Amino acid sequence: MNAPSLALVVVVVALVAVGVYLLLERSLTRVIIGLVLTGNGVNLLLLVAGGKAGGPPLTGQTPPEDMSDPLPQAMVLTAIVITLGMTAFLLAMAYRSWQLTGHDEVQDDLEDRRVARRAALDRAAYEDVDAGTEPESLDEAAAEVHDETGDVGGRS
Amino acid sequence: MTPQLGWLVPLPVVLPLFAAGLALALWRRGRAQGVISVVALSLALGASVTLLVAADSGPVVAELGDWAAPVGINLVADRVSTLMLTVSFAVTLAVLVYSLAQGVEDDNAETPVAIFHPTYLVLTAGVADAFLTGDLFNLFVAFEVLLAASYVLITLGGTGERIRAGTVYVVVSLLSSLLFLAAIAVVYAATGTLNLAQLALRLPELDPGLRLVLQVMLLLAFGIKAAIFPLSAWLPDSYPTAPAPVTAVFAGLLTKVGVYAIIRTQTLLFPGGQLDDVLMVLALATMLVGILGAVAQNDIKRLVSFTLVSHIGFMLFGISLSSEAGLGAAIFYVTHHITVQTALFLVVGLVERRGGSTSLDELGGLAKAAPVLAVLFFVPAMNLAGVPPFSGFMGKVGLLEAGVADGRPLALVLVVGGVLTSLLTLYALVKAWNKAFWQPVPENLRPVRLPRRMVGSTAVLVSFGVIIAVLAGPLYGYTERAAVLLRDRGQYVLSVLPDGQRGEGHSADTTRDPSAQAASTPRDVTGEGVTP
């Protein structure tokens, strides 16, 4: 009876899907774009929750049964402002990360690094020691074992 | 009913927010900022204590802007929320004094006052709003307020390590907020309201499958914030890098806000305990995985962070029993845990200051070098582990008793798991004690005098934890009455919507929705809260 537009639903699905894909990336910039897209998708979902669009909800101007629901619109406005603020903060963080490390990739957490070090230690045990490979530090080995970003070295 | 106290209810939110603005305006005057913060938090604490006493005789409701309840936003101060409010303001005040002393000592290198004070006040306002609100969307806003403040606090100073840890924290928190917002959208689409009391009336009319989806979505969003096991990986990595007072207040309050939101929604919106078995399994996993993580740590800050995750499991255990005894014990445990965990993080901050490191390998001999510090560590550590004279013991006994009384096999497994977790907590903390406080004093230990006010505020918080044990009788009675109120949803609904339709504020009656007229009256709900 009060069905929302199907087009909006499709847009919500598309935005959230693309957003989640980008969220899984390592680069903070892409994560931010992913969060913005997902955020907009969810905001749109909130709008869809209000039901069919109607006239402006002012008594005297629109008959009550033709009014659109003003409450979700007020909530969406709040949510948009919040998303904007958070995006600004995240961008500042990405910039600071770039200032400090020269890239904006989300780095491993300490526990991951430690697990990777153990894995590197284990690998050394069954590798051929006489193969003539350059002896590398444990941290470099850990980075090689774990890092998904591809470029080994050059990071702290 | 004490309607004349309604004006007090918004104060714990308004006072810190107002003070935050004032502190920001006076950013050049550090001393004035300190005075403003202390005064604002003290006044808010006073208001909370008054509400705590008033709420024992019935929930105090404030309708903001005098708009009637389901349309307007309302704040509800009942037993649980005022208890949380009082404990959290007491803790934030102690941490504020600690950080002021640290700021004076370090010349504000760790906690730059111009940013620190306004943000800290906004954080407390957000926490207070989350405890008080009677509206789901307002709860979301409260979460955003406290999270936005926490983002700034966790990256304070913008060093490499904090940016690294902060990135994970911010992205995970934002994701949980998006989940929460999506849940709100679906709840609104399904019921046409976000007022908690009205939701309590309308949700039972929904299709059980849809209701389960809503319950799971909300649990997921709050589970990330409360750091329940599969969703807890962000916590032990991000908390330890922040300055000591910030970590302390995060550990004490932010996860508990998530636990409180779970308690509120599970009891008020989704009674009947459909997901109790799932919650029990999650509680067990949180307790065991958390504490095993703590045992493996060699850094005292990370060790304490892991115990925090582990002990969230105890609270979830109490919630998942969905009995008055379990819920009462869980609320008591939250109260105990807020104070003891905050105190422990403050002490760890002092340990780092005195010993020059947080690595257990480099620390040593502190019991001889700083005997007062040793006492300050020993008391909350034993309290957390649940050694008898302290409040942790009473909270755990309450939970175990409730678990045995429940009698289901899974509950009994949880009882065993809880005892095991307590023992492992004791093991982890004794290990930390042995390595940091016994052992020979390292040669390079520099003689650092600990600032008296930092030690003093920590001591106050530690003794606050002990006082909880002394006052455990009345307090436990209060939490049990709070649990009874939580399970009796009719009283909450009646105090918000006296006639089952609208609150007591003034707004033109524009609801012409016939389904709203046909909605069940609160009398129907009264009996439903009690499951056989």
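Glycine is treated like the rest: Cβ placed from N, Cα and C.
Listed in TrEMBL:
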- B:6-27: transmembrane segment (TRANSMEM)
- B:80-101: transmembrane segment (TRANSMEM)
- B:113-131: transmembrane segment (TRANSMEM)
- B:134-421: domain 'NADH:quinone oxidoreductase/Mrp antiporter transmembrane' (DOMAIN)
- B:137-156: transmembrane segment (TRANSMEM)
- B:168-190: transmembrane segment (TRANSMEM)
- B:242-263: transmembrane segment (TRANSMEM)
- B:278-296: transmembrane segment (TRANSMEM)
- B:303-321: transmembrane segment (TRANSMEM)
- B:327-351: transmembrane segment (TRANSMEM)
- B:372-390: transmembrane segment (TRANSMEM)
- B:410-433: transmembrane segment (TRANSMEM)
- B:454-476: transmembrane segment (TRANSMEM)
- B:498-532: region 'Disordered' (REGION)
- B:501-512: compositional bias 'Basic and acidic residues' (COMPBIAS)
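Long-range Cβ contacts of the transmembrane segment (B:372-390) within its own chain (Cβ-Cβ under 8 Å, at least 6 residues beyond either end) map to 307, 311, 336-337, 340-341, 343-344, 347-348, 350-351, 354, 366, 396, 422, 425-426, 429, 432-433, 436-437, 450, 455, 458-459, 462, 465-466, 469. Panel annotation: around the transmembrane segment (B:242-263), residues 80-81, 84, 88, 91-92, 95-96, 98-99, 102, 110-111, 120, 123, 127, 130-131, 139, 143, 146, 150, 153-154, 156, 162, 165, 218-219, 222-227, 235, 301, 304-305, 308, 312, 315-316, 319, 327, 330-331, 334, 337-339, 341-343, 345-346, 348-350, 352, 486 of the same chain, lying at least six beyond its termini, place a Cβ under 8 Å from a Cβ of the stretch. Most Cβ pairs under 8 Å with the transmembrane segment (B:113-131) belong to B:80-101, among the candidate stretches B:80-101, B:278-296, B:327-351.
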